[in-house]
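Trainee: The structure that follows is given in the form of structure tokens.
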Amino acid sequence: MSLVFVFVFCHYRFFRVLAAAQTEKKLRGAVGRICVFSGNTGMEPKLYRPPAEVRGMSSLDRDAFTQTISVPAVRVPVRVLNKVVKSLKKSSIQRPGVPRVVQDTEENADYRLVLLDPHRVTSPTSFSEAEAEALRSFGVPEELHHYELKLTYENLKSEEVLEAVLPQGQDVTSGFSRVGHIAHMNLRDHQLQYKNLIGQVIMDKNPGVTCVVNKTNIIDSTYRNFQMEVLAGEENMVAKVKENGLTYKFDFSRVYWNPRLSTEHERVVQLTKWGDTVFDVFAGVGPFAIPAARRGANVLANDLNPESHRWLQHNCKLNKVEKKVRTFNLDGRAFIQGPLREELPALLKEKVRVHVVMNLPALALDFLDAFRGLLHQEPQCEENLPTVHCYGFSKDDDPDTDVVKRASQSLGFPLEKLCSVHFVRNVAPNKDMLCVMFTLPKEVLYRVAAFTTTGTRKTWKSQLDGSLSGP
Ligand SMILES: C[S@@+](CC[C@H](N)C(=O)[O-])C[C@H]1O[C@@H](n2cnc3c(N)ncnc32)[C@H](O)[C@@H]1O
């Protein structure tokens, strides 16, 4: 019995290898004009490389990418087609817009060709044991046919197109952030010559993207928005995005929005509870303020950029929290020394939990001095002091220590061992964004030698009056 098995197995292996050798020979002859075989090691790995003539193209000519390549295929009777397609999932061709099953080239209506991935399958021995077994059980010969496949621009991936067009050896990274219908790129100098082509390719290859922009400078110093240039598509900068289940609408060219902060927004919002009060000093268009209000917090949200303030109000309505959020259009220090100072004593007395969110990482640590002596005229509260979540960038070797030191200096009080630091993200090589969380010390809030640092305390009321008239 076992001898019979050994014989059958050897016999089977022998014919598999023989079939492989024959098919490989056939394929090599058939596709020699189009793609290169490198001995027995398989097809040339750059099989999907577009024609060489596209190199250096500056305006996109999609037709120039059309070519014919030869791909392996198995000939399958229609009656077992679905089962075979299922069994060959791993080996069949997977290209955008390319069918896996085509008509039989011998025009026999009872057969179809299942196209295979030429990088995976170069001979019948390329099939896994499971695939070979499946073919046998469905009575499909493990013989490879070749099929002349027409590949067009539509079948290529964006990096394949760009790699073929841009100068050889240069980085073609085409990463972008997506903000609603806008793809937001940060092109390098050597890519600028091809910027419109790159924009067009990104738009073509990403459904839903109807506008591609490139940053033309570093982040604007005051309102944290970017100067940007439209590379392709419509010039509509008003985006609508979803973050953590809520909707935000804004003019991306005039306000700050970063899709990479959604986890951080969620993390801080989760720390708030129903009935808490949240002061969002640099609120932007509302990604902390609005979800906190949805969780039942009362929110006072502020932003100096009139455009952010306008969209913040709009988004409060859009998410039906306008009754829970009061908005302000003040400088952060004026907001702390104005509306926040006014509200705080009663909240602390009534044991309401208070959070202060300060997300302006380039400057927020410096704004902490606004808390010095803020309540020096009020009766001292020992418990239930506000929790501050203050963001900072650091390029230091020890970023945690660095931000705590800067926060302490700004407050005029040592925070070491009285705070926690959360790493948010790496924003550039050697530059981290961190969040320092601490309970605002009573020694800071109630100290008398307080507000000598700025003169804004006297002026917040006039700024506030102006802002309440609405956009
Ligand atoms: C980094 S963004 C953060 C926005 C929002 N909190 C978020 O997480 O997306 C900082 C915001 O602070 C605002 N801003 C800049 N300087 C300010 C200041 N001195 N006072 C108040 N807001 C300011 C900007 O307009 C911007 O919307």
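Note: Cβ is positioned from N, Cα and C throughout, glycine not excepted.
As annotated in TrEMBL:
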| type | residues | note |
| --- | --- | --- |
| BINDING | His265, Asp303, Leu304, Asp331, Gly332, Asn359 | S-adenosyl-L-methionine binding site |
| DOMAIN | 176-442 | domain 'SAM-dependent methyltransferase TRM5/TYW2-type' |
| SIGNAL | 1-19 | signal peptide |
Trainee: List every residue in the same chain as His265 (S-adenosyl-L-methionine binding site), at least 6 positions away in sequence, whose Cβ is under 8 Å from its Cβ.
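Mentor: Expected: Glu243, Asn244, Pro287, Phe288, Pro291.
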Trainee: Return the residues near Gly332 (S-adenosyl-L-methionine binding site) by Cβ distance under 8 Å, restricted to its own chain and a separation of at least 6 in sequence.
Mentor: Val281, Phe282, Asn302, Leu304, Met358, Leu360, Ala364, Phe367, Ala370
Trainee: When the pLDDT values for the domain 'SAM-dependent methyltransferase TRM5/TYW2-type' (176-442) are averaged, what is the result?
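Mentor: Overall, the domain 'SAM-dependent methyltransferase TRM5/TYW2-type' (176-442) comes to a mean pLDDT of 95.
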Trainee: Looking at S-adenosyl-L-methionine and its recorded binding residues His265, Asp303, Leu304, Asp331, Gly332, Asn359, figure out the farthest C-alpha pair and report it in angstrom, whole number.
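Mentor: Roughly 22 Å, rounded to the nearest whole number.
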Trainee: How would DSSP class Gly332 (S-adenosyl-L-methionine binding site) in three states?
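Mentor: SS state of Gly332 (S-adenosyl-L-methionine binding site) = helix.
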Trainee: Among Asp303, Asp331, all listed as binding-site residues, which has the most CB atoms within 10 Å of its CB?
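Mentor: Highest number of other Cβ atoms within 10 Å: Asp303.
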Trainee: Under 8 Å Cβ to Cβ from Asn359 (S-adenosyl-L-methionine binding site), same chain, six or more residues apart: give me those in sequence order, or none if nothing qualifies.
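Mentor: Counting only residues 6 or more apart in sequence, the Cβ neighbours of Asn359 (S-adenosyl-L-methionine binding site) under 8 Å are Asp280, Phe282, Gly284, Phe288, His389, Tyr391.
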Trainee: Determine the Cβ neighbour count for Leu304 (S-adenosyl-L-methionine binding site): the number of other Cβ atoms within 10 Å of its Cβ.
Mentor: 21
Trainee: Can you check what DSSP calls His265 (S-adenosyl-L-methionine binding site), collapsed to helix, strand or coil?
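Mentor: The residue in question, His265 (S-adenosyl-L-methionine binding site), is helix (DSSP, three-state).
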